Structure formats: structure tokens, C-alpha cells
Amino acid sequence: MEWDSGSDLSADDASSLADDEEGGLFPGGGPIPYPVGNLLHTAPCGFVVTDAVEPDQPIIYVNTVFEMVTGYRAEEVLGGNCRFLQCRGPFAKRRHPLVDSMVVSEIRKCIDEGIEFQGELLNFRKDGSPLMNRLRLTPIYGDDDTITHIIGIQFFIETDIDLGPVLGSSTKEKSIDGIYSALAAGERNVSRGMCGLFQLSDEVVSMKILSRLTPRDVASVSSVCRRLYVLTKNEDLWRRVCQNAWGSETTRVLETVPGAKRLGWGRLARELTTLEAAAWRKLSVGGSVEPSRCNFSACAVGNRVVLFGGEGVNMQPMNDTFVLDLNSDYPEWQHVKVSSPPPGRWGHTLTCVNGSNLVVFGGCGQQGLLNDVFVLNLDAKPPTWREISGLAPPLPRSWHSSCTLDGTKLIVSGGCADSGVLLSDTFLLDLSIEKPVWREIPAAWTPPSRLGHTLSVYGGRKILMFGGLAKSGPLKFRSSDVFTMDLSEEEPCWRCVTGSGMPGAGNPGGVAPPPRLDHVAVNLPGGRILIFGGSVAGLHSASQLYLLDPTEDKPTWRILNIPGRPPRFAWGHGTCVVGGTRAIVLGGQTGEEWMLSELHELSLASYLT
């Protein structure tokens with residue numbers, strides 16, 4: 001994240017800020033919660049900010065003085081913990097034995113208890129030379145009295161300790177005195193360093209600078225000074241930030257969710273970024289879906305859950321449509337009378353395109369596997385299914401995966417063909433044109449054939465494939481592999497992000513989900529993917545949630561511990577995402593898909609619970 005330091009304030013400006021009783025940086029007014037006086041030494045101070053919300057409290061900002069004194073550039077240390085300064089040089093893996101462990105323990109204690117720390121600790125420059133760090137750590141509290149950031153002010157002092165040469169070091173950094181003398185007078189004065197930014201109008205700062213930052217960065221920038229704090233309280237700015245970071249379609253969907261306006265864009269951005277308000281709850285709804293069935297497909301249209309088809313008694317394919325309106329005070333399943341329904345089927349996909357249009361593809365019918373396409377406008381009067389006769393269709397299949405691109409294009413991948421043959425192809429159908437034509441997406445290399453996997457869209461035109469029942473030679477096995485493809489490229493190709501010995505596969509940090517199929521994949525704002533449920537072997541819990549951000553340089557799996565009552569079972573074909581902020585899991589606690597009067601809801605924002 002990018003921060004702008006307040007450490008260039010002149011003495012008069014700093015005193016004015018510290019004495020202003022109307023507040024400035026933080027809610028409720030009052031003095032600035034970190035010692036401005038410490039920034040006014042004759043010699044400049046290092047200034048470091050860490051994110052107390054994230055695991056291991058990563059560094060999110062260092063000022064120029066820190067870089068010049070320690071020899072570490074900002075890009076080398078951002079995202080890491082400050083403890084690297086206790087190691088002698090960039091190649092050292094352990095804390096140096098001369099570093100006082102009692103002081104380190106006291107620092108940890110103060111951070112854990114949320115209190116300020118003051119003391120001295122031996123640190124090392126990048127070249128391995130020692131210096132004493134007169135350190136002051138101050139916790140910063142958010143609106144809900146939780147610690148959001150920790151500010152560290154560092155006054156570095158030369159120390160005469162002969163430690164000998166540093167292994168792997170080929171150069172010697174300048175001494176601290178030389179660095180201080182090299183600093184121009186203007187660089188020591190914060191107000192001069194920031195005047196270029198503050199000469200801009202509020203409109204330019206908000207619309208041309210702040211709106212282009214990520215939600216995390218905007219939250220960080222708000223702590224720089226009073227003016228930026230006030231600017232970042234504007235709801236229109238936060239909406240623009242969310243739109244730029246998450247896309248217009250996601251923003252539009254979020255606007256339709258009940259309660260979003262009451263929560264506000266600033267709070268919504270925070271909760272959907274940190275997932276701090278995510279919670280499970282169990283719901284009971286009225287109505288019924290008769291006859292009972294399994295292996296149906298569910299999809300969300302706005303705040304409505306739509307269920308189509310399924311496998312009835314004696315493997316009877318179904319072709320009826322049911323709707324559950326979650327906007328209702330008392331939601332209940334209602335049978336929708338539609339004209340010209342498709343042939344009955346199960347193992348198909350049901351996908352939403354163009355707002356209120358539903359697309360059915362494939363599945364297993366009375367006469368075998370299908371590769372037909374039907375579209376239903378749920379808001380039409382009366383609703384009528386119509387068949388789309390796309391040219392050059394894919395092979396008939398079931399238990400494939402599908403997703404939508406740009407709101408108009410259907411993408412179909414894999415599945416099971418005749419005689420149990422697993423497929424590895426990927427097709428695209430543009431439903432916005434009058435006579436759609438199926439187009440296979442060619443790739444020099446494709447992931448192993450599979451069924452029961454998921455496709456997720458992120459970053460505009462990128463798709464991510466996860467899991468499924470994959471084929472390797474004569475063997476079929478549950479998979480936890482991750483593959484991505486960028487469809488904006490001239491020649492799209494599959495890339496293996498993580499995998500079990502796949503070509504070019506990486507080894508992600510964290511704990512990867514156990515291999516599975518027919519699981520749930522939830523697209524989160526910003527490109528992150530949430531995985532849970534499905535068919536998992538062994539004693540692993542299917543209700544455990546796993547988070548992956550494929551946009552990171554080194555994607556890392558993270559386990560999420562969400563409060564509430566999660567379902568013991570969740571199936572991909574029976575789960576849908578409503579409004580971009582709620583995952584609705586159909587079926588009872590014991591996994592019986594036909595118990596559709598019981599739902600489990602994963603809410604990602606507090607206004608939904």
C-alpha cells in the first residue's frame with residue numbers, strides 16, 4: 001500500500017495539529033495519537049507504518065529517511081515484518097545474538113496489549129553495520145476500538161560495536177552522519193515535501209488521485225493529515241474507489257443489495273476487503289419444491305434464487321423452474337409457470353447473463369447427454385424459454401463448469417461425455433449477437449480432463465479453474481489444482497498457478513484446500529476466490545473456507561475462520577451468490593439436497609445479518 005508520511009511537517013504546523021481540539025486524523029477529535037514532537041529532532045527520524053489487521057503486521061509504509069539510513073528500499077521491505085532489522089544484513093535468517101531478547105519480548109507484549117512502547121534496540125543496516133534504534137511504537141485505533149495500524153518512529157544512533165565483516169556483503173553503506181548531511185534542508189521539512197500535493201484542489205486530489213487507489217490504500221492515506229482524512233469521508237469518493245477497484249458491474253450489483261446504502265461505501269469497502277464482518281447463519285423459508293429432487297442447478301438473478309431441473313425419483317429428468325425471492329419479508333419457494341420449457345435434465349449448468357436472463361446448457365436428459373442452449377428472461381410477461389441454435393456446438397456433456405464473461409458471453413469447460421470420457425476443452429458463446437456461434441478457445445496446453453470443477457472470472461477477462469475430478473492416464477482423482485487463463489490476450493493460454501506436479505506449477509504459501517469436486521467458488525471483489533464445500537475425501541471438513549488472491553505475485557491460500565453455523569455440506573450446483581455479498585447454500589444440515597426449506601447463508605457484510 002502507498003502511504004504519504006506526515007513526518008515533513010514544520011514545527012509550527014505540527015504544534016497546530018497537536019493542539020487542535022477539533023480532531024483531524026481520527027474519529028471523535030482530540031490530539032493526534034502519535035508523538036509529533038518525536039518528528040522534530042534536528043536529525044530526521046525514520047517513520048514506519050504497519051497494518052495491525054493483517055497477519056504478522058506487514059509494513060505498509062516507510063519514509064525516505066528510513067530508506068537512506070538502513071539502506072533498504074521501500075519495495076524491499078513493504079509486506080514484511082519489521083523484525084528483519086534485527087538480522088545482520090539481508091542474507092541473515094536469524095536475529096543477531098547481540099539483540100536484546102528482553103526488549104524484543106517487551107515490544108511483543110506491548111503490541112499484544114495495545115499499549116505504547118518506548119526503548120532502544122540494536123538494529124542493522126542492509127550492509128550489516130550496527131546502529132542503535134531509539135524506538136517509539138504507538139497503536140492506532142479504528143472506529144470500533146480495534147487496533148488498525150501501528151506507527152513506529154525511529155531515531156537512529158551510531159554505535160561502536162566491532163562485529164567483523166558481513167558474509168555476502170560486497171559494499172558498505174554511507175555512515176549515518178553522511179546521510180544526514182546529504183539531506184537538503186527542504187527534504188527535512190515535511191510541509192515543503194507535501195506542498196506539491198496540497199496545492200491541488202480537493203476535486204483533483206479526490207477524483208484524479210484518491211479514486212485510483214485501492215480501498216486499503218485510501219484507508220491508509222486517510223491517516224496522513226486532517227485534509228486527507230476529511231476527503232476520504234466522502235461517500236461519492238468511496239463509490240468511485242470501489243468502482244475503479246472492483247469494476248462497474250460489481251458496483252452496480254452492490255447498489256441493488258438491501259441495506260448497502262445504509263452501511264455506506266466506505267464501510268462496505270472495508271468489510272468486503274478485510275472480511276471482518278463475514279458470518280454464517282441458518283435460514284428457514286416457506287413453500288416447497290415438488291416433486292423432490294437432487295442434482296438440480298441454482299443461480300441468482302438479483303436477489304432471487306432460481307432453481308431449474310434436477311434428478312427425480314428413478315433418475316427422472318426434471319424441467320420445471322422455481323424462484324425464491326430473498327427481498328420478501330417471508331421468502332418462500334414459488335413454482336414459475338413458463339412457456340416452452342427445455343427437455344428435463346440433471347448435471348447441467350444454469351447461468352445468469354444480461355441482468356435477468358438465465359442460460360441452461362447441457363446435462364443428462366431422457367435420451368442421454370445434451371449440448372443444447374436455452375435462455376429465459378425471468379422478468380418477461382409471461383416468462384418463456386427459447387432455444388439458441390448456436391452453430392458448431394461443443395460435444396454433449398454433463399457435470400461441466402460454466403461462467404459468464406462481460407455479462408454476455410457463456411464459457412463452458414470440461415465435463416463428462418459419452419462412455420464416461422472426461423473433457424478438457426473450453427468453449428465460448430456470445431449471446432449478445434443475433435446468431436450466436438460457438439467458438440472453441442484454442443490453447444497449446446490444457447489442464448488435465450475433469451468434471452465437477454469450478455470456473456471463476458476475475459480481473460475483467462481472466463478465468464480461474466479450481467479442483468474437480470481429474471484424469472491422469474488411467475486414474476481419476478480429486479484435484480486441488482488452480483489454473484488461470486487471460487482471455488484478453490491475443491493467444492490465450494492456460495497457466496498452472498498451483499498444482500500437483502503440473503508443468504510450471506508453483507508452490508503457494510499457506511495451507512491449500514484438500515482436493516475436491518462439486519464444490520463452491522465465490523468471486524469476491526478485487527479478484528479473490530473463496531472455496532468451500534464439495535466432495536472431499538477422508539476426514540477433512542467440507543465447511544472450512546479457503547481464500548486465494550490470484551492477482552498476487554505469489555498467490556497464497558489462507559484459511560478463514562467465520563463465526564456462525566456453517567453447513568456440514570455444500571454443493572456447487574446447489575449454491576449461488578446473491579448480490580455479490582451472500583452465498584446461499586441450499587439443502588439441509590445433513591446434506592440432503594431435497595430439504596430446500598433449510599438454507600445456510602454466508603454474509604460477507606454486516607448489513608446482511
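Residue numbers in this text run from 1 along the chain shown.
Each residue, glycine too, has its Cβ placed from N, Cα and C.
The annotation compositional bias 'Low complexity' is assigned in Swiss-Prot to 1-17.
Look at Swiss-Prot and you will find 32-114 tagged as domain 'PAS'.
Note on the domain 'PAC' (118-161): DSSP counts are 0 helix, 31 strand, 13 coil. Marked as domain 'PAC' by Swiss-Prot: 118-161.
According to Swiss-Prot, the feature domain 'F-box' maps to 195-241.
Swiss-Prot lists 1-24 with the feature region 'Disordered'.
Across the repeat 'Kelch 1' (292-342), the DSSP tally of helix, strand and coil residues reads 3 helix, 29 strand, 19 coil. What Swiss-Prot records for 292-342 is repeat 'Kelch 1'.
Per Swiss-Prot, repeat 'Kelch 3' is recorded for 397-445.
Marked as repeat 'Kelch 4' by Swiss-Prot: 450-501.
Confidence over the repeat 'Kelch 4' (450-501), given as mean pLDDT on the 0 to 100 scale, stands at 90.
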